[in-house]
Amino acid sequence: MSQHLTKEYLTQLAAEFGTPLYVYHAEKIKEQYQKLTTAFNKSNTVFFYACKALTNINILKYICSLGANVDCSSINEVKLALHAGFPPERILYTSNGIAFSEIAEAKELGIIINIDSLSNLDKFGQQYGHSYPVGLRLRPNIMAGGNLKISTGHDKSKFGIPVDQIDEILALVKKHNLRISDLHIHTGSEIKDVEVFVKGIEVLFDIVPQFKELEFIDLGGGFKVPYKDGDVETDINLLAQKVGEAFAAHPNPGGRPLQVWFEPGKFLVSECGYFVTQVNVIKQTSAATFVSVDSGFNHLIRPMFYDAYHHIENISNPGGEKKKYSVVGNICETDTFAWDRTLNEVREGDYLVFRNAGAYGFEMSSNFNARYKPAEVLVIDGKAHLIRKRDEFKDLLRNQVEVI
Ligand code: LLP
């Protein structure tokens with residue numbers, strides 16, 4: 001089992017590479033991947049890393065080397081995956097609201113495609129008919145996930161073709177003699193309860209008999225990871241057991257056993273990531289003691305966007321007296337990372353580390369306030385590698401066309 005990176009080591013990296021700094025621990029990704037493959041070792045299951053969580057090319061190459069497949073949400077993610085060395089048959093493009101031209105491009109590249117609208121399904125049929133297998137991204141009308149913003153399978157969600165439109169789907173399948181190879185659902189992120197997946201299987205198996213050339217059932221991602229002490233994570237062993245039972249209860253009427261796919265993002269890369277910041281200013285007010293770090297929601301948006309909790313640790317003063325702080329950023333917006341958080345006494349210049357920063361951390365960062373995006377470091381076999389340089393001033397002007 002890999003340990004957390006130590007305070008001393010993170011301090012050393014902060015001194016060497018500067019802050020704000022994203023640090024990823026490769027062995028933790030491997031450990032998470034092995035948890036999945038071990039739990040599902042008796043079943044015919046394949047994992048596609050949902051790379052929207054973190055697309056640094058080195059992370060993609062590392063995950064490719066572990067043997068996982070990859071799930072993409074844009075044609076550029078597909079191209080990054082190809083660049084990282086994933087062969088097309090290990091790349092899945094689960095689209096959502098995209099232009100048909102991207103689907104056509106993915107098809108030319110030989111990628112596996114999940115289509116999420118009747119409109120694109122119709123266009124796909126007109127162009128390719130039965131010649132190229134295609135998956136259906138369905139909306140199962142199941143409410144699941146940590147909060148509404150990350151719930152994607154409920155009956156008001158934009159994602160997928162509503163499963164209640166099955167007649168329209170079947171009409172298109174018939175019209176174009178479509179070769180439907182997989183049925184996909186993704187109900188949300190941070191799903192604790194494995195019964196959600198079982199419910200999804202039930203919804204899909206109601207319609208499975210309608211698709212004679214089906215090979216795969218794709219249950220999406222969304223496994224919960226612990227963000228704070230005492231947090232419950234998805235019980236992967238129980239999930240494997242329940243999914244196994246649900247499939248055993250519904251043999252494929254087509255005869256061949258169906259392969260099960262999952263698309264974990266957070267589960268693979270959340271806990272491998274540390275976001276290291278430095279304290280600029282401490283401001284004592286009647287409302288709170290504000291600790292302002294050299295970052296903001298331009299670098300880690302999850303606390304502001306989802307009210308997400310990230311564990312924060314003052315790695316510079318491990319023996320310091322426990323006190324309460326509001327940890328905020330340095331951008332010109334209310335960018336509160338944490339209210340009333342107990343930390344070892346914080347001094348200006350201390351390093352504060354945010355845990356669980358691997359998934360949707362750097363990936364959702366921006367240059368708001370003309371601040372630089374952070375650097376990224378990958379620790380692998382005990383060695384730290386800079387895998388993305390910190391922005392420089394010229395990056396802020398790159399692509400701008402000065403006409404005045
Ligand atoms: N598959 C599909 C089709 C998805 O849309 C997603 C996530 C995943 C897989 C992976 O879900 P995961 O295993 O990472 O939970 N930015 C939000 C999460 C949004 C997830 C969007 N889709 C956050 O930071 O919490």
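Numbering starts at 1 and runs along the chain as displayed.
Keep in mind that glycine also has a Cβ here, set from the backbone N, Cα and C atoms.
Automatic prediction, not curation, is the source of TrEMBL annotations.
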Taking Tyr274, Tyr351, Tyr360 as the options, which does TrEMBL list with Arg302, Tyr306, Glu333 at the substrate site?
-> Tyr360
Across the listed substrate-binding residues, Arg302, Tyr306, Glu333, Tyr360, what is the farthest Cα to Cα distance, given in whole Å?
-> 20
How many other Cβ atoms are found within 10 Å of the Cβ atom of Tyr306 (substrate binding site), counting all protein chains shown?
-> 16
Based on DSSP, name the secondary structure state of Glu333 (substrate binding site): helix, strand or coil.
-> coil
Ligand 1: which of the recorded positions Arg302, Cys332, Glu333, Tyr360 have a Cβ closer than 6 angstroms to it?
-> Arg302, Tyr360
For Tyr360 (substrate binding site), what is the secondary structure state per DSSP, taken as helix, strand or coil?
-> coil
Within 10 Å of the Cβ of Lys52 (N6-(pyridoxal phosphate)lysine), how many other Cβ atoms are there?
-> 19
Cα distance (Å, whole number) from Lys52 (N6-(pyridoxal phosphate)lysine) to Glu333 (substrate binding site) = 26
